[in-house]
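Feature annotations, courtesy of Swiss-Prot:
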- 33, 34, 35, 36, 37, 82, 83, 110, 133, 167, 281, 305: NAD(+) binding site (BINDING)
- 112: active site, N6-AMP-lysine intermediate (ACT_SITE)
- 396, 399, 412, 417: Zn(2+) binding site (BINDING)
- 583-660: domain 'BRCT' (DOMAIN)
């Protein structure tokens, strides 16, 4: 047992040292922070359990070093420590709860910039030197390069001695621009900023648009009582401080702190710079000293780290998938990578034009994102190891029919394509449509492959007890499937209409139809028999354009689609849905809304549901076609955009009467 533990500790040390060099020296990390931290925690766990195997060279006693031989090493005036970190909000709250504020709650919150740490030393108001963090005791002297950063004042108006910590960064936009011209592109903006700062020729550094935020005033405690006062002084002296830093005191609660963190987390994609978390610090300098330090980090600060929104992986193969509309979508099979809290092994490539634009082929190393919890997608090629780019095949992979191009996408035109058929059934059963419980993609594919079902109507005629002969299907499971099918017959007509998969017909358009007295199968069918009259009628409805109008008319003249509707009508499905709009609710009926901010006592989802039930239509983003923006506390960028577009603003008080 002891030899196994020793070996695991030795292996962990070796691996962590390798990663430290990649991160701090080479600026080319091969693993995400989350993976690195997991290995550090495992090493700490083993060393705590078996202290006899803990050595003085353990990575848990130190933090990584960015020292390079190209620059002179200079000793810091005081240890430049790292930050303790958590990935869980409950752990963050526990850290806050443990601090004895002595009835004087004070804490600051600011984004954690993903850049290159720097320490600035001012003597009598003059920038004397600039050092990298290095190993915390010694740093590389990069003063000559730092002097080229326009946002760092070389001379101050006051003759003061300062020791400041800041984060040198490069904006997302400039990262993409610069990376295009580099022979060896960087994987992220942090590595690029770090690489630029360490260039030997300062004239080269001056050509790059480096930026900086000052986030710590290391000798502020000698002059100020709290961090907010010190920060105000820094601004007055001409230093750039992140405008998103916020100070909380007795008037605030921990809940408000957590809400602000949630707000930053939500908006991080809109920032011009990369952030990898949020930093919390005790504001009171006297309390900081009482809380003290470890050899690694101050006890008065904590970083809440985000799980990675993107990762880097190699494309092993590319397959094409056929959707319910026949659309051909290329998908990359990639090495497993951890992104946004999940391991992913595949990512969409959108379409042929997109593949061509990024020059992607099998074997390339790519950046993969999973922003907003959507389907993982390949963002860009990081390292090109192939020639040319992948080409979508000329024929559908499922039925071999020649594909046709419509806009940016290729489509399989065969209505009887097996892939199209099975995807339509999956869509019909999905949560947003008929929500037929128990019918997973796996079960639907199984039923289709065994030729038990060929379309959604077969779900209502198939004898499910035939499944008893197959492994995994027993009476209870089969009865649950049958009960789910029966329950689906009671779903409202809007759900059935959505489930039919009419191209571009979504929930909002269906609501518009219903609000304009087109709220039944018979009304829609009758209207669409006169194509020209139907087209002009539909175009009169605000929010319905030519494309959607033509798709609706085509659907209600398609024999296959009509046979499906007749089938469901014979099974006594609901073929009409009453939309009652009284005089009081006419303001909402058919109007397009968006919502932003927080609302005391109400979640946004509850407000949306209640207003939808009274005829409102909700968009997820602010566009020129919006009628109203509902604004709560701590409204974000949506409010700014709405004001620029002259969109009417509604407060919580304006809509409160509609929520009863």
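Note that Cβ sites are derived from N, Cα and C of the backbone, with glycine treated the same way.
Here the binding-site residues are 412, 417, and the one whose Cβ sees the fewest other Cβ atoms within 10 Å is 417. Taking 37, 112, 133, 281 as the recorded positions under consideration, the smallest Cα distance to residue 399 (Zn(2+) binding site) is found for 37. One way to see the shell of the Zn(2+) site is to take the Cβ centroid of 396, 399, 412, 417; the remaining same-chain residues with a Cβ within 8 Å of it are 322, 326, 397, 398, 400, 401, 403, 413, 414, 418, 419, 420. Long-range Cβ neighbours of residue 281 (NAD(+) binding site) (same chain, at least 6 residues apart, Cβ-Cβ under 8 Å): 107, 108, 227, 300, 301. With DSSP classes pooled into helix, strand and coil, the tally for the domain 'BRCT' (583-660) is 28 helix, 19 strand, 31 coil.
Within 10 Å of the C-beta of residue 399 (Zn(2+) binding site) there are 17 other C-beta atoms, taking all protein chains into account. In this structure the C-alpha atoms belonging to residue 83 (NAD(+) binding site) and the residue listed as 'active site, N6-AMP-lysine intermediate' are separated by 11 Å. Between the CA atoms of residue 417 (Zn(2+) binding site) and residue 35 (NAD(+) binding site) there is a gap of 43 Å. Each residue contributes its Cα atom, and for residue 133 (NAD(+) binding site) and residue 112 (active site, N6-AMP-lysine intermediate) those atoms are 16 Å apart.
In this model, the domain 'BRCT' (583-660) carries an average pLDDT of 80. If you measure from the Cα atom of residue 412 (Zn(2+) binding site) to that of residue 37 (NAD(+) binding site), you get 46 Å. The Cβ of residue 35 (NAD(+) binding site) lies under 8 Å from the Cβ of 338, each of which sits 6+ residues away along the same chain.
For residue 112 (active site, N6-AMP-lysine intermediate), the Cβ neighbour count at a 10 Å cut-off comes to 22, with all displayed protein chains included. Listed binding-site residues: 83, 396. The one with the lowest count of other Cβ atoms within 10 Å of its Cβ is 83.
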